[in-house]
Amino acid sequence: MFQPTGQSSKQKHPKVKVLDPDIDYSKAKSVHSISSWWGIGGIFIVLVVGNITNYTNSHLPDGLRNAHLTHFPAAFIAERAWKDLKILNDFGPKPTGTYTNEVLAVDFLNREISYIDQLKNRNQQLVVQNQIVSGGYVGVYMNKSAANVYRNVQNVVVKLVGRSESTSRHALLLNCHFDSVAGSPGASDDSGSCAVMLEVLRVLSRQSDVNRYSIIFLFNGAEETPLQASHGFITKHPWAADVRAFINLESAGSGGKEMLFQSGPKHPWLIEAYARAVPHPYAQAAAEEIFQSGVIPSDTDFRVFRDVGRIPGMDFAHTANGYRYHTRYDSIDYIPLPVLQRTGDNILALTRAIANGDELGSTERYAQGYMVFYDFLGLFFVSYSADVGLMINLSVVLLSIIIPFLSLARSTSGTHGRQIRSETMTGFLATFLGAGASGVLCFFIGLQLDAIGRSMSWYSSTNLILGVYCCPALLCQCVVHLLCNRLFGSKTTPLSLALKVQARLNGVNLFWGMITLGITFTGYRLAYIFMVLILCSLCSSTLISMLGLQNTVHKWLLLHMLFQIVALAWSTQFYHILMNMFVPITGRIGSSINPDVIVGTLATFATLFSCSYLTPLLFLLKKTDKLIGELVAITLIALVLATSTHVGFPYRDDAVKAPAVQRHYITHTVRKFYDHNGGERYTDAGFLLQELDRNAKKTIEGIAMPDVVTPMREIPACDKELFCAIPFYSIWHQVLFENYWLPGPAPVVRQAVTVSLREKEQLSEHEHRLHLVLKGSFQCSLIIGPKAGSTLKRWSLLSEIPTPIEFNGQRGHFVLLTAGVESEPMNITLDVRHELKKYDGPLVDLLVTTTHWEYHKEHTPVFNRLLARVPGWAHVVPSVAAVNSYTF
């Protein structure tokens, strides 16, 4: 039947109730829309807030000077600590076993403690002991097991006696280490901490009130070797049994704020004491879980006190400027008074609180689980138990999803619940897909930059990360949101634009809520990071609902943005923490990992974390082309700077007082190989060059020119010698890196560790005992490789034998042997079982490497010429090694 045209039109296009009466879908934008320039304004807001949080992360209090003593007689005086630090710094590098460490540093500490004792209040009592200790343990690090043996390492130990000493000898331990790695004065790692402890001791000893409990100050002389002197104290010093809690002071950078990054375990009272006492909080439970996961290639004495001593405590470390960590630039030039003042204020207050609190008298009574703890820009500190954290996370997540949904449903009189759910799921899907797509894009960018030889272009110019990775990530997330809107968004939705965007934001709540609950129920406390982000959204949506602003033109948006500024402050704080920590680490993780993939992944996460509640707002823009165009332009400019200009060169010398160096270890080596009868088979020499970052190979090849370096596993010795006879001094690091060999003349080695067979004893038909004598008091390593058919069953070094390490298709037991004060020859027995009865042939191969650090006066002219080729923007640690290979 024929029907009129008008009537047919009405049936095909039924009238839809639209909550925004000003929408004309064919001609005009909604009255809820805003100017396109606000897209660019949003980026500006992110950058401004990011700069503010960067400032708060680096802001330090003014340092007090001696002149302030009149007004602050019981305060930490940074100037006094700085003078102590300068003396330790001026000794230069202090590796364990060197004159600077074993004589100069120890003498200074004893002299300064003597001055403190003379000037103490008459009510106070100081007891000083110098411990020289030997021992060892099996350490597992980076999935490698090794024996860690030490002889005659030194500790300077001071006890400030407390009131309870006569009844209960419970004590608080403060620990630092005064040794350093070779090539570094160690001003931050860790002489600065020792200077802080000296000043804390000075202040406490001059007060008239005696602390309730004793305080033990441990200045240990062998941490970098690693963790040996603290192990000697906790296992063999008589005062160790009195320690009920500890404070460990460390550094993984140079200057800046000290972060509380490990605590406990399971002693929440320590965090409560921190919350009460510390005037400048800087602590994150997330840092504890990240560090203990092993992704950061470092360790501290905290491990020894916790695992060996079974003592609860807190671990503090300076993390800023990791470029200077373990280099010649870790000097007092970069440790101003405010750094010492901030650390000193915190540690002094915390020490007083713990030493005078109730908990130290019965610590096990207060061992009640884990704590969630964090600070907000250093303005305030938050802590609660992990159980409370579970309830908070669950409540915040559920409320953040339910309240916005009910609020939006109420604003539509409950008639459009399906459309609200649809828009919420679209927002969730867009956020989820945007996260994945931006991760893939940044991964691809990282691969391409590495492929064209521009890896680590952001290393010394970290602002490039914003353009090279953060902008592409945000661009990708915006594009995905637009595509999801086109594919899944309704063109005739009855919801106004304001309600539609709010529903999409609820989808973001759903995304982060699922992540928060997933992390929470797997037992990790770091879920609070996401909970706080969701909480900001929950606060804004709750106020919008209470004030009935859901469908207002721009009032709801203003309220949302006010809380998002708080969220941005929270999220950009973590951006700075992550980048300050991980960017410098990429300079010392070896060449096998593409650092651009690491930084690109971090940047993708940080971008999503910071901007996920801003990205859906792009639908409010009248046009999105300005925002998209700006992100594309910034990305292209950053990529050009990274790939085609000097801005993208990764390294920087000290010309502008901000060094970011490439690291190198070069070892001038002589190797001697002996047969089963003790005769010398052959001798050779050369240089071992370590590849510590992705670009190091190019530098190494340049240093060696016109000669050619050979990869470690391709040198001729690898065909027949144990572990290629490489001069390994630390199997935990070296075996993971690429090393290169450059043949050359022999170095001057006046003294080296030697091993000789004193006696071979038949224990049974299958077992033999080798009596060996080790002569020489230097840092060395042993690799014991049982021959085919042989198994090492027991030895006299330790009560246990570490799991063999595999290298170049061979298996061997690694021993790091450190000497502090000069030691006598060492007798070693090895019990070896052979599968053949009464076997009389060779049982084991033994490789002993003697490494001489700070050996500059003995460098040959050839070695000096090689070192002179190292660029000024690189830091090299030279050493001389003697490798002796035996068969017994």
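Using N, Cα and C of the backbone, Cβ positions are placed for all residues, glycine too.
Under the heading transmembrane segment, TrEMBL lists 36-55 (among others).
Here TrEMBL flags 155-350 as domain 'Peptidase M28'.
Annotation comment: TrEMBL describes 390-408 (among others) as transmembrane segment.
For 427-641, the entry in TrEMBL reads domain 'Endoplasmic reticulum metallopeptidase 1/1-A TM'.
Remote same-chain partners of the transmembrane segment (428-449), defined as residues 6 or more beyond its termini with a Cβ less than 8 Å from a stretch Cβ, comprise 455, 457, 468-469, 472-474, 476-481, 484-485, 488, 504, 507-508, 510-511, 594, 596-597, 599-601, 603-604, 607-608, 612, 615-616, 639, 642-643. Taken from TrEMBL, the feature transmembrane segment applies to 428-449 (among others).
Under the heading transmembrane segment, TrEMBL lists 464-484 (among others). Sequence-remote contacts of a segment are chain residues at least 6 beyond its ends whose Cβ falls under 8 Å from one of its Cβ atoms, and for the transmembrane segment (464-484) they are 426, 429-431, 433-435, 437-439, 441-442, 445-446, 449, 457-458, 504, 579, 583, 599-600, 603-604, 606-608, 611-612, 615-616, 618-619, 624, 627-628, 631-632, 634-635, 637-639, 641-642, 647-648.
TrEMBL lists 505-522 (among others) with the feature transmembrane segment.
Annotation source TrEMBL lists transmembrane segment at 528-549 (among others). Taking Cβ pairs closer than 8 Å, the transmembrane segment (528-549) reaches residues 285-286, 372, 374, 389, 392-393, 396-397, 399-400, 403-404, 406-407, 410-411, 502, 505-506, 508-509, 512-513, 515-516, 519, 555-556, 559-560, 562-564, 566-567, 570-571, 574, 609, 613 in its own chain, all 6 or more past its ends.
Look at TrEMBL and you will find 556-577 (among others) tagged as transmembrane segment.
Here TrEMBL flags 597-620 (among others) as transmembrane segment.
Away from its own ends, the transmembrane segment (627-649) comes close to residues 36, 39-40, 42-43, 445, 449, 452, 454, 457-458, 460-461, 464, 466-468, 471-472, 474-475, 478-479, 618, 621 of its chain (Cβ-Cβ under 8 Å, at least six residues beyond either end). The transmembrane segment annotation in TrEMBL covers 627-649 (among others).
The domain 'Endoplasmic reticulum metallopeptidase 1-like C-terminal' annotation in TrEMBL covers 659-886.
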Long-range environment of the transmembrane segment (390-408) - Cβ separation under 8 angstroms, sequence gap at least 6: 384, 420-421, 424, 499, 502-503, 505-506, 509-510, 513, 516-517, 520, 527-528, 531, 534-535, 537-538, 541-542, 544-545, 550
Listed stretch, out of 36-55, 505-522, 597-620, that has the most CB pairs under 8 angstroms to the transmembrane segment (556-577): 36-55
